[in-house]
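Participant: TrEMBL lists these features:
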TRANSMEM  24-45  transmembrane segment
DOMAIN    39-285  domain 'G-protein coupled receptors family 1 profile'
TRANSMEM  57-76  transmembrane segment
TRANSMEM  96-118  transmembrane segment
TRANSMEM  138-156  transmembrane segment
TRANSMEM  191-223  transmembrane segment
TRANSMEM  235-257  transmembrane segment
TRANSMEM  269-287  transmembrane segment
Amino acid sequence: MENASSVKEFILLGLSEKQGVQKIYFVMFLFFYMIIVAGNLLIVITVTSSQRLNSPMYFFLCYLSFVDICYSSVTAPKMIADFLVENKTISFVGCIAQMFGVHFFACTEIFILTVMAYDRYIAICRPLHYTTLMTRRVCGQMMIGSWVGGFMHSIVQTLLTTQLPFCGPNKIDHYFCDVHPLLQLACTDTYAIGITVVANCGMITLSCFFILVTSYVVILVSLKSQTSEGRHKALTTCGSHITVVILFFGPCTFIYIRPSSNLSEDKSVAVFYTVITPMLNPLIYTLRNEEVKSAMRKLWSRTVGSENGK
């Protein structure tokens with residue numbers, strides 16, 4: 001972690017410097033963060049406690065919700081707390097740790113979404129082989145691969161950034177520490193590192209997006225031969241996943257696969273994939289899924305019943 005930097009801390013400028021706006025943002029983002037934690041935690045508890053939700057799709061959904069909680073928790077609490085203070089500082093080590101966490105959980109989420117698309121492809125296009133192809137062991141290996149892939153990506157981004165010297169200024173025009181804002185503060189030429197960062201992010205994002213698009217093209221083609229009931233059920237589960245993919249991949253692609261030029265624009269877009277998408281994921285996956293809603297009702301009735309029985 002040691003480098004030639006004389007900067008020991010950074011100042012986060014946040015989403016706005018206006019006091020009145022910051023108070024509104026504090027209430028709004030605190031509410032959003034509470035929904036993120038409560039909604040995703042409810043999905044984790046529902047899936048783990050329900051015997052009916054034991055298919056690979058819900059196994060992956062449970063981990064997706066867990067990652068969403070972790071992902072938002074890397075940036076949201078600090079951002080919310082900063083709305084109430086004038087001195088929005090973060091230590092150099094804290095900044096690098098936050099950047100590592102953002103890229104680790106974001107990349108892990110990208111891999112999990114890709115794995116979920118593959119799961120839907122096997123379930124719809126090769127239903128007779130589903131139980132033999134998507135065993136518990138295979139699902140576990142895919143999940144481990146997603147976490148390891150996210151870790152490796154984040155390590156590369158972090159090591160590239162920590163090698164840079166920071167001699168001032170130390171003001172980051174963002175609400176969390178990220179690669180592009182830090183590259184602009186480095187007191188050396190960062191062109192080569194910037195290209196490497198974009199290539200690293202672009203390779204992962206575009207390759208996963210290609211797999212996702214290919215999976216759903218094949219799925220849509222195969223649906224023509226299915227019954228209307230089977231088609232409706234498949235479209236319901238796939239529709240939820242496609243919505244989440246668009247909400248997450250769209251902003252991420254905009255930020256990370258191009259050299260950053262407008263940080264004010266970047267931080268506004270970043271709100272979507274760090275706060276809005278994790279908040280909407282539980283709603284998207286539950287509103288159109290009768291099995292999850294049924295499991296939640298049973299969990300609620302069991303909880304209320306046990307409370308009344310005391």
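Yeah, the Cβs are placed from backbone N, Cα and C, and that goes for glycine too.
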Participant: Do any residues of this chain, six or more beyond the ends of the transmembrane segment (24-45), have a C-beta under 8 angstroms from a C-beta of it, and if so which?
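Facilitator: 15-16, 61-62, 65-66, 68-69, 72-73, 76-77, 79-80, 83-84, 275-276, 278-279, 281-283, 285-286, 292, 296, 299.
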Participant: Would you mind listing the long-range same-chain contacts of the transmembrane segment (269-287), meaning Cβ under 8 Å and 6+ residues beyond its ends?
Facilitator: 15, 29, 32-33, 35-36, 39-40, 42-43, 61, 64-65, 68-69, 71-72, 75-76, 102, 106, 174-176, 178, 240, 243-244, 247-248, 250-252, 254-255, 293, 296
Participant: Same chain, outside the transmembrane segment (57-76) by at least 6, Cβ under 8 Å from its Cβ: which residues?
Facilitator: 29, 32-33, 36-37, 39-41, 43-44, 47-48, 98, 101-102, 105-106, 108-109, 112-113, 115-116, 119-120, 123, 139, 143, 146, 175-176, 237, 274-275, 277-279, 281-282, 285, 291-292
